[in-house]
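Per TrEMBL, the features are:
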SIGNAL    1-16  signal peptide
DOMAIN    3-127  domain 'EamA'
TRANSMEM  80-100  transmembrane segment
TRANSMEM  112-131  transmembrane segment
TRANSMEM  137-157  transmembrane segment
DOMAIN    139-273  domain 'EamA'
TRANSMEM  169-190  transmembrane segment
TRANSMEM  202-223  transmembrane segment
TRANSMEM  230-251  transmembrane segment
TRANSMEM  257-275  transmembrane segment
Amino acid sequence: MAVAVVAVSLSGPLMAASAVPALAIAFWRNGFATIALAPAALTGRRSELSGLGRRQLGLIGLSGAALALHFGTWVTSLTLTSVASATALVCLQLAWIVAWQLVRGQRFGPRVVVGLVLAFSGVLVVSGVDFSLSARALAGDGLALLGGLFAGVYTVLGSQARRTASTTTYTFVCYGVCAALLLGACLVAGQPLGGYPLRQWGLLLLVTLTAQLLGHSVLNHLLATTSPMAVSLALLLEVPGAALLAALLLGQRPPPAALLGLAVMLVGMVLVVLGNRGGVAAPLLEAPPD
């Protein structure tokens with residue numbers, strides 16, 4: 001589990017260190033992941049792929065679109081604000097899901113409600129600090145928040161799609177749809193898809209290997225032997241992990257007030273997970289492989 005936490009924590013710093021345009025990073029990450037999954041999906045799951053119905057394909061397609069919006073907004077946010085802020089804000093996907101369920105009338109215990117209040121209070125603190133630094137950083141915070149919202153949409157749609165589709169089939173089609181949409185976005189935005197130095201290709205492969213394959217794939221596998229709550233809490237360690245790695249690798253050191261806001265957000269998310277035993281804590285693991 002420790003290896004998986006370190007792997008997902010590397011995602012933000014590695015992408016922030018890359019000189020590849022943001023949408024192109026998002027495209028290649030999902031493109032490489034689709035290629036990596038192709039042998040297993042096209043050989044072991046061929047009959048399942050060919051038998052997908054319209055509703056299944058529709059759900060997976062919408063999930064892929066939400067994933068594309070998630071990556072497009074979050075990776076772009078890393079070019080505008082700090083890795084620590086972007087990672088913490090995008091990890092609010094579970095808070096968005098719980099907030100949506102509250103709006104729909106589902107009841108939660110006081111711990112969950114207090115956790116939500118703390119989490120979004122932390123957002124206000126971080127955004128206020130970043131606004132005092134620059135409007136650019138505040139725009140990055142806004143994109144990261146949107147990235148977390150789209151991650152929540154992806155989570156909800158994905159949990160429905162995976163009721164009737166295997167993980168391999170779902171992930172292969174979803175990543176493929178996501179990559180195709182991001183390819184179109186790159187072409188429209190005029191972002192180059194090649195001609196990068198060898199080091200940049202290495203960073204793209206490394207972030208795919210760590211966050212996508214060693215990170216979230218391992219955490220999902222651990223669900224077979226570990227409680228969803230334990231894995232969900234472990235996944236929240238990505239926030240301090242990414243902040244620490246960004247400080248060591250990129251020299252990014254957020255102001256003390258921003259660190260306080262990040263801590264408040266993290267405490268709030270822990271309360272949401274702990275107060276939601278058997279609820280939506282497990283779907284957090286369906287979140288995009290940041």
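Cβ coordinates come from backbone N, Cα and C, glycine included.
Unlike curated entries, TrEMBL annotations are predicted automatically.
The average pLDDT computed over the domain 'EamA' (3-127) stands at 90. Among residues of the same chain six or more beyond the transmembrane segment (80-100), those with a C-beta under 8 A of the stretch's C-beta atoms are 11-13, 16, 70, 74, 108, 112, 115-116, 119-120, 122-123, 126, 130, 136-141, 143-145, 147-149, 151-152, 155-156, 232, 235-236, 238-239, 242-243, 245-246, 250, 252, 254, 258-259, 262, 265-266, 268-269, 272-273, 276, 279-281, 283-284, 287, 290.
As a summary of secondary structure, the domain 'EamA' (3-127) carries 103 helix, 0 strand, 22 coil according to DSSP.
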